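A.B. asks: The annotation Zn(2+) binding site is assigned in TrEMBL to 654, 658, 764, 768. Look at TrEMBL and you will find 462-489 tagged as coiled coil. Feature annotation from TrEMBL assigns domain 'Alanyl-transfer RNA synthetases family profile' to 12-807.
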C-alpha cells in the first residue's frame, strides 16, 4: 500500500476531497463554481464525448464566446472510449484506467497567470490535502528550437521561489509539457506536479529520472497549462493578447493518493459498487488482484470493468445520450450486460447498480438523481433489445457475426439487406480514401441494399470511419431528379446534370460573398382581426447572381427564354426562411422594378427554393410570367416578399410539433427522446423513442385533447436568446440527442401551461407562433410504430387541421347514410361497393383524417361489411375481386412491376381463396396476404419470364414468411419457382407491426433482386 499523504487524523472521503477542492477556490480565491457540462458534447462536433475538463471552455479559448467569470472552478464528468483518448480496452487490467472519470480544474480567463496558479496549487496540496512537498516533483517546458519557443524559465523560477529544490524541478519537451488544442489555435507550455508513492526506493536524483516514465509508483497528479501562444495556419507561433490558465487533476487518482490506496478501484468511489455486485450476485468477494503471467484474475477484472461501466453508462444516460445514437455507448453497455450475465450470473445486475452509482456521484451531479428511474428504464430496454436481437438473429447474420464479432454491437440485423451490404463493404473498404466511406458507395447501400442513413452511420461509427454525407445527399438528390426527368417526354438527363452544376456554382459563388443578414426572417406578427400573419417586405441589394449555372453580373429577358431557366440570387439581407431545423423553406416572390420604366408594376420572380450556403441565403427563382423588359444586375435593389399563408402553416406546424413532444412527455411520464422531426405547410411529423409505453388510439385522443385545451387557453409562446453556457446551467430544456448546437444566438422556445401540467422548452431555429391560440386547432392524422419503442406521429394544425376536420365531417355523414341503408329492404350491392371503395381510399390514398376517427370509421365499415356478408348479398369471390381490381387499376404494370398486397377484406370472412387474387394478376410477380380468425396466410406467383437465379416465388415468399416464422411450399405438383404458399400461422396482438415489417422485407427483397 502506498502512503502518499502525510499521516492524517482522519482519511478524507471522496465527497470531502471534491468539496475541499471546490471550496478552496471559491471561498479562499474568489473563483466561481460552474457546474459540469453533460458528457454529451453540446457545441463540439469533433469529439463523441466530453473527454477533458476544458471542453466546455474551448470556445472561450478560441475567442468565440465570453468567459462566464474571470476565475472558474469545477468538477467535470469525462468519458474516454474512442479516438486518440481510448481507455476502453485496458479498463480493468490495471488500477487507474477508466471509461468514466472526473476532472477537477480551475481556470483563469485573462486574470491570474503562472505565479498565482502554481502558488495556489501548492497551497492546496500541502494545506487542506496535507501532502508532503518532499514527495512532489514538478516539470516545466524545456523549449523547442524548431518552433522557436524558448524554455519556460519563468515557471522554473516560480517553483524555486516556492521552495522546490532544483533537483525536483525537471525540464521536458513538447510531448510532455506543451499543450495544443488542435493543429491551429491556442496553445502553451504546461507544468505538471508528480507525486512519488515510494520515495524510499531511491534518492531524489534517482527517482527524478522516473518522472514521465510510465511508472505506477511515481505518477502525474496535476497539470497546469499556461495558454499564452497561438498556433497559426502556417505552423508558426505568436503571442496571444490575453493569457489564460487551464488546470486539470484526475479526481480518482487524487482520491487514491489521499486515501493511501495503490489502486483507484480501492477508493470509496468503487468499493460500494463492489459490495453491491457481491451482495446481488453472491459471487466471491472482490480480492483486488490484477492479471499477470500466473493469474488471469478474471473475476476481479470483471468486478472492475462492471463497476467502471456502470458509472459511465449511468452518467451518459442521465445526460441524455442514447445507445441508439451512440454505438460506443451501446458497446460499453452491452459489454456490461454480458459480464453481468456470464460472469456474475445475474442478467439484471447492471440496472440494479444504478442507485449505488447515483449514491456515490449524485451529490456532485444532481441530474443523476433526477434521472435515476429513466436510466434504469433505458438499461432494461437495452437489455430486452439485446436479448431479442441474439434470439432472433437470422442464419445469414449469425454467419457474418461469426466472421465479424464486433457486429454484435450494432442493431442492424433487422435490415434485410445488411448482410450482403456488409460483405460488399468489407470488399470495397480498402479502396476508400482518407478513412471515409464515399458518398456514391453510401448511396449504393441505400439504393441496392435498403440501408438508411441512420444504418450506415452506425456502421461507420463501428468501423471508426467517416461518411461523406454531403456527397451522399447530392447522389440522393441527383437520383430524385433523374426520376423526375424520366417521367418527361423528352427524357432530358441534361437537366439533371444542370441541377448538379447549378449547386456547385452556388457553392463557388457564395464562398466569395459576405454573409446575408437573415435576422429579418423572425420579424413577423399575427393580425388577430384577419387571423393571418403579416411579414414586412425587405428591400436589399443584389450581391451575387447566377443564370442557371453561369455567374453573371446582369441578365435580361432575352436570356430567360426557357421557362425552366433559374436565377440564383444572393442579397445583402433576406426575410426568407431557408430549410433548417426540420422546417421547409419559405415560398414567395422577389419584386424587380424596371430601371427604364419605373412607373410600371415590378416584375415578379417566383422563389421556388431557398438555401443557405457559406452563410449566404440563396434564393432560387423563375420569372412568374414572360416579359420583354425584365432586367437585373448586381447592385440593384430588389424587394423580397414572403408568402404569408405558407409561412403561417409552417409556423403553426412547428409550434404544434413542440406541443406534441411536450404533451407526450407530460401525459405518459416515460423515457422519451426525439429521433427526428419535419415541418411543412402540409403537416408536421415527429418520431419519438418512447420506452415502456405502447401508444393506442385512446392515447392519441388524450394527446389531442391536451393540446387543443392549451390552444384554447391562449398561452403565450416566448422566444429567448441564450448562449451555450446559459443552456448548460438549466435542467429542463429538451434537446435532440446528438445534435450539435452553436455557441451563441441559441433560440429557446418556451411554452408554459402549469394549470395543465405542460412545459415545453426547446432549442429551435424555426419560426413559431406568438400565442397558442394562433394554432386554431390540432389533430393527429397518422400514427406508426417504426421500431420496438419508436412512434412516428403525423399531425396538422391551423387551417390544415380545419380542412381535415371538415373532410372527416363529410365522411362521417356519408357513412351514416350508408349505415341507414343496411335495412333489408334498402340494401343493394352498390352499398357494399361504395363501402369497399371508401375503405380502400382510407387505407391506400393520401387522404388526411383524424387518426382516432379513421380507426373508428374503419371499424364501423368492417362491421357493416360483415353484416352485409351475413345477409348473403355478396359472394366471397366479389369481396376479393372488388379490392383486387381497385388495386390493379391504381397500380399499372408500367409503374408497379410487382404487386405486394395485404387483402384488407380478408378479416371479414372465414376463408380467403388466395388463388382468386393471384389469378387476377398474371402479367407480373404478385404476393398477396390474408388474415382471418387470427391466422395469416400468403401466396406468391411469379411468371416464368420473371424468374431469375436470385428471384422466384419461393425465395420472395420466404423473405415475407421469416417474420412470422412461416413455412413455404408449392401446391402439390407445381413448380415452387412459379407458385408458392405460406402455411397458415397463428398471429399475436402485434400482427399489424409484424405485417408491416414482413411487407417491408418482401418489398426490399423484390427491389434488390427482381430485374425487369
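Any Cβ shown, glycine's included, is placed from N, Cα and C.
Where the annotation comes from TrEMBL, it is an automatic prediction and has not been curated.
Owing to the predicted nature of the structure, the values given are computational and were not obtained by experimental measurement.
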A.B. asks: Under a criterion of Cβ-Cβ distance under 8 Å and sequence separation of at least 6, what residues of the same chain contact residue 658 (Zn(2+) binding site)?
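C.D. replies: Non-local contacts for residue 658 (Zn(2+) binding site): 749, 751, 760, 762, 764, 768.
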A.B. asks: Using a 10 Å cut-off, grab the number of neighbouring Cβ atoms around the Cβ of residue 768 (Zn(2+) binding site), all chains included.
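C.D. replies: 24, counting other Cβ atoms within 10 Å of residue 768 (Zn(2+) binding site).
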A.B. asks: Where does the mean pLDDT land for the coiled coil (462-489)?
C.D. replies: 71
A.B. asks: Specify the count of other C-beta atoms within 10 Å of the C-beta of residue 764 (Zn(2+) binding site).
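C.D. replies: There are 22 such Cβ atoms around residue 764 (Zn(2+) binding site).
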A.B. asks: Report the same-chain neighbours of residue 654 (Zn(2+) binding site): residues 6+ apart in sequence with Cβ closer than 8 Å to its Cβ, ordered by sequence.
C.D. replies: 581, 583, 679, 684, 764, 766, 767, 768
A.B. asks: Using the CB centroid of 654, 658, 764, 768 as the Zn(2+) site centre, which other residues of the same chain sit with their CB within 8 A?
C.D. replies: 655, 657, 679, 749, 762, 766, 767
